[in-house]
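The following block contains the structure, expressed as structure tokens.
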Amino acid sequence: MTEHNRGETAAHSPTWPTSVAVIGAAGLIGAGVVERLAMETITDTVYMTDLRDNVLHAHAIDITEAQILGGNTRTRLVVGPPADGSPVDLVIVAASAPETPDGDRRDFLRANLKLLQLLLPDIENLAGEHGAVMLLSNPVDVLAEALRQLSGISPDRIVGYSLNDSIRFRAAVGRELGVSPERIAGLVLGEHGDGQVPLFSGLTLDGKAVDLGTAERVRIITDITGWFSRWSALKPGRSSGWTTPLGVAQVVKAMATGEIHPATIWTGSVESLPDSFISLPTRFEQGRMVSALGPVSETEKEGLTQAATSVEAAAAQALQDFRSAI
Ligand SMILES: NC(=O)c1ccc[n+]([C@@H]2O[C@H](COP(=O)([O-])OP(=O)(O)OC[C@H]3O[C@@H](n4cnc5c(N)ncnc54)[C@H](O)[C@@H]3O)[C@@H](O)[C@H]2O)c1
């Protein structure tokens, strides 16, 4: 374990999360998340782990120097897990098999499920009895459901990052209406990817409800569901390394303050939905993710049920394939 920065903590009032572990912290997303947590002083200590130890150290040095430039060195970066084996408040999993844009989504799921299984003891030890676990690795909802089934971690302490879908929805609505996306508020729930459910019923422009016609809705849905193939066609060899760390920082801050935000959570507390993981409006309350789903239209409700069913089936199939392969 190497420690970077012995930051001053005296002026800091102890608030959740005091410690965060990022698994996969040498990767694009993992390192970006560490950078945001440190630069915005969202936590006191970040533990960084990855297979690529040299890259991990390089990121730790680089981010520590960026903190000096930013004038705030309070967050301490530690390469490696807590030396005394103590748990952390939040475990962020960004470890992943290399992305293959041309690959089959199932291959990717298979590889990341295998990785999740490999990392399970570390995740459980780091989370301890009370820590929350945030998954970033894709397919995030299916892996969250698999983690629920594989681990002893209570399902309401598992959360998947899904904010990007809502950002892309706001961008698409802005394009359709010819207005700046900052003026749009709107959420995407359901499954990350094709099973996403844009909440047209809650869409606002400058805080006022917007009622879009069928043709406008169809164009917006085509826009957001086409995002991944447009990105893959670029063959960039990278994921969304700017948006995602910024979004993760926002989500962690929302969790800390109990603010409602979209995230992939367990549907167990939502009566009408199958037992699974999908994106819902959510709040972090007393260490647990709880649904804050308000009224939605019948079509949206149907979409959420379909998404939960699809994630449940994909996780069951992947776990079955995985078990029969070992
Ligand atoms: N949920 C979302 O909205 C969202 C957004 C962007 C990216 N992602 C996902 O996040 C994941 C990471 O993306 P990335 O661009 O950072 O990938 P990346 O390839 O840059 O990083 C992955 C990291 O995982 C590490 N790793 C692999 N096996 C490991 C192990 N056994 N232990 C520890 N570390 C290990 C690798 O060394 C690498 O540093 C991908 O699955 C990607 O699809 C999700």
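Glycine residues also receive a Cβ, built from the backbone N, Cα and C atoms like all the rest.
Found this in TrEMBL, in case it helps:
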- H192: active site, proton acceptor (ACT_SITE)
- G24, A25, A26, G27, L28, I29, G30, D50, N112: NAD(+) binding site (BINDING)
- 19-160: domain 'Lactate/malate dehydrogenase N-terminal' (DOMAIN)
Relative to the Cβ of G30 (NAD(+) binding site), which residues of the same chain, six or more apart in sequence, are found under 8 Å away?
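V22, I23, G24, M48, D50, I92, A94, A95, L136 - these are the non-local Cβ neighbours of G30 (NAD(+) binding site), listed in sequence order.
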Between N112 (NAD(+) binding site) and H192 (active site, proton acceptor), what is the CA-CA distance rounded to a whole number of Å?
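Each residue's Cα considered, N112 (NAD(+) binding site) and H192 (active site, proton acceptor) end up 16 Å apart.
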Identify, among the binding-site residues G24, A26, L28, N112, the residue whose Cβ has the fewest other Cβ atoms within 10 Å in this structure.
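So among G24, A26, L28, N112, the binding-site residues given, the one with the fewest Cβ atoms within 10 Å is L28.
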Just give the helix, strand and coil counts over the domain 'Lactate/malate dehydrogenase N-terminal' (19-160), going by DSSP.
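For that range the per-state counts are 67 helix, 25 strand, 50 coil.
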Round to a whole number and give the Cα-to-Cα distance in Å for the pair A26 (NAD(+) binding site) and the residue listed as 'active site, proton acceptor'.
24
Suppose you look only at the domain 'Lactate/malate dehydrogenase N-terminal' (19-160); what would the mean pLDDT be?
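Across the residues of the domain 'Lactate/malate dehydrogenase N-terminal' (19-160) the model's pLDDT averages 95 on the 0 to 100 scale.
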May I ask for the distance between L28 (NAD(+) binding site) and H192 (active site, proton acceptor), taken between their Cα atoms and rounded to an integer number of Å?
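Pair distance, Cα basis, whole Å: 20 Å.
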How many other Cβ atoms sit within 10 Å of the Cβ of H192 (active site, proton acceptor)?
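Taking all protein chains shown, H192 (active site, proton acceptor) has 25 Cβ neighbours within 10 Å.
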What three-state class does DSSP give H192 (active site, proton acceptor)?
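It is coil.
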